[in-house]
């Protein structure tokens, strides 16, 4: 069975060139970057090179990049680390209703610890209104966090506008850019972003690695006690091979992003035209414009998403039902709820996310398979 | 094309071996685990405390599926399970009945909604780990539902609502196995659940405190009232009708000269629990409604073996089909016939074949 993978928002394959860059550090160049000798220095240099690759892509200094185990750790370190270092006594926090669990649950934990929390609503497209952000800011607001683009719908948030608001008031601004990074050229300095979470396995790098950009001068407290690695912000021996892979993936991304954007946009349009456009059985969640070119999210009439997902998987087609997923059981998406999506469409959302290895033919195959699954007449039996 | 079989995997030994056997036999097997009830809210997963009651059944099933090498999916059936099983369970108690939630689950959830959805994703059959046999009788041109070979494990009682439209699509590979063989097989297949203990009586009440469960949901029905003997004398106070079932002797706290007392009837309209001596528990006539027949509805009265609860021995009886229900005359009086339990009928000659049954009223 030919398998078609359309779940790149969950994980991408590792680019061959990334793997090649990693291999020496999984085999011969195995040293601990903290070691004094040749092996240690070899590894240390590799980590530093990767740090520069990431920094270059963002237009920031290498010293402002800290490697983490991925998006969740980056979000936790940014939010908790910043608050613990600067406002341990409390303060007002602002985030949005459509954040990833890594952000939302962290803020909820902060609220239980005594911080005051405002969770901003979104419009029908899933976008935060800048007026709402302005209205939510109080004298004691210490941190605003907003994702760059949503992991379920791909909706892009008005990051620069929020950044300007935050900067004007001297409030720290954290952005989870895990999904957006692959398809948006992010410039933290120009966009007034103080803390930026990135992750490797959405951009053809390995899993278990990511980075947090921390604006120069911002104080954070580390999550774990131990050695002085990563500017004392992340104790523990560096995952050298993964860091090298991530650095390489970022370098490739920087060079190839325009082509990736164009190719994904074409596939997305083809999928939309082929399946959703003009067919009342489907509802596009979010909008085509103002969203990531590699993600499309839609709901189907009359069949819950797990059934569609399993039926597709049986045919070798891998898609997803948004992100909220607990031990495989699909919960209605908090993102779609926040967008005010009607109950009728809430349990039947499907997220298709494209990647560099997908072809127009594959899109046509998937569109056809979906139509068959939903058409009771042409069903298997 | 290889036959595709959806296996309902609970994470227990029986359904795990079911999946492994079918895979070994060369079928295209997919494992499905149903998420049926909310975890105990007394141990919530806040503040990152590792929770004792996380989805361990789902995790077990997933672990088994990866050992066997089959795809596995979890379906969220909490809503339908609440409506068709839990609500039914609770409501039965408020009506003075003692329900069998497994039968409701088999009917509405496993062989109902699950089979319906399994077809939608292309399954040809549904398999479960029940101990019972399905055999096609060429002579009659009908599928028969027979007891499992291991009588002690036989679960045909909870399957009496299977009918001819479903039976061709259901596979019960445990049919011919003894329980000890099942565990041996689980070991042989390397399944991590081979020594998992038997599941408890009611899956959605893990602590077995069904009174506490009901009290949380229908506190208003726990209204104290009178214990009344068959002569109409008040002999004590009861704690609310859902606390009692027919034949119950323990926990009545009734002393006095008339004892020992047994619950012989639940009088919901007057909130009274009727008690009597053991001899008052015996009845020969049993009526049932919500009747279902495995091989089609019979004409006229016939002889059969009847079973009035899961653990009761089957006993000779005469069955009188009635409009919308049935009436049964047992040859010998039956002890503690309980409304809400299933009356299941087996063939008189061998006692092996399920004819059908209904809910005792």
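Yeah, the Cβs are placed from backbone N, Cα and C, and that goes for glycine too.
Just so you know, TrEMBL annotations never went through curation; they're auto-generated.
Worth saying up front: this structure is predicted, and the values here are computed from it rather than measured.
Among the features that TrEMBL reports, active site, nucleophile is placed at B:105. TrEMBL lists B:203 with the feature active site, cysteine persulfide intermediate. Under the heading ATP binding site, TrEMBL lists B:8, B:9, B:10, B:11, B:12, B:13, B:14, B:15, B:34, B:129. Residues or ranges marked as domain 'tRNA-specific 2-thiouridylase MnmA-like central' in TrEMBL: B:211-276. If you look up TrEMBL, you'll see B:284-360 marked as domain 'tRNA-specific 2-thiouridylase MnmA-like C-terminal'. Marked as site 'Interaction with tRNA' by TrEMBL: B:130, B:341.
Positions of TrEMBL features highlighted on the structure.
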{"residue": "B:8", "record": "ATP binding site", "Cβ within 10 Å": "25"}
{"residue": "B:10", "record": "ATP binding site", "Cβ within 10 Å": "22"}
{"residue": "B:12", "record": "ATP binding site", "Cβ within 10 Å": "20"}
{"residue": "B:14", "record": "ATP binding site", "Cβ within 10 Å": "24"}
{"residue": "B:34", "record": "ATP binding site", "Cβ within 10 Å": "24"}
{"residue": "B:105", "record": "active site, nucleophile", "Cβ within 10 Å": "26"}
{"residue": "B:130", "record": "site 'Interaction with tRNA'", "Cβ within 10 Å": "26"}
{"residue": "B:203", "record": "active site, cysteine persulfide intermediate", "Cβ within 10 Å": "16"}
{"residue": "B:341", "record": "site 'Interaction with tRNA'", "Cβ within 10 Å": "26"}
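The two recorded residues, residue B:34 (ATP binding site) and residue B:130 (site 'Interaction with tRNA'), have Cα atoms 16 Å apart. Of all the recorded positions in the record (B:105, B:130, B:203, B:341), the one with the smallest CA separation from residue B:8 (ATP binding site) is B:130. Mean model confidence for the domain 'tRNA-specific 2-thiouridylase MnmA-like C-terminal' (B:284-360) is a pLDDT of 95. For residue B:341 (site 'Interaction with tRNA'), the nearest of the recorded positions B:10, B:12, B:105, B:203 in terms of C-alpha separation is B:105. Taking the C-alpha positions, the distance from residue B:10 (ATP binding site) to residue B:105 (active site, nucleophile) comes to 13 Å.
Between the farthest pair of Cα atoms in the ATP binding residues (B:8, B:9, B:10, B:11, B:12, B:13, B:14, B:15, B:34, B:129), the distance is 16 Å. DSSP assigns residue B:14 (ATP binding site) to a helical segment in the three-state reduction. Spatial neighbours are here defined as Cα atoms within 10 angstroms of one another, and by that definition residue B:130 (site 'Interaction with tRNA') has no neighbours among the recorded positions B:12, B:105, B:203. According to DSSP, the secondary structure content of the domain 'tRNA-specific 2-thiouridylase MnmA-like C-terminal' (B:284-360) in residues is 0 helix, 49 strand, 28 coil. Between the alpha carbons (Cα) of residue B:105 (active site, nucleophile) and residue B:14 (ATP binding site) lies a span of roughly 17 Å.
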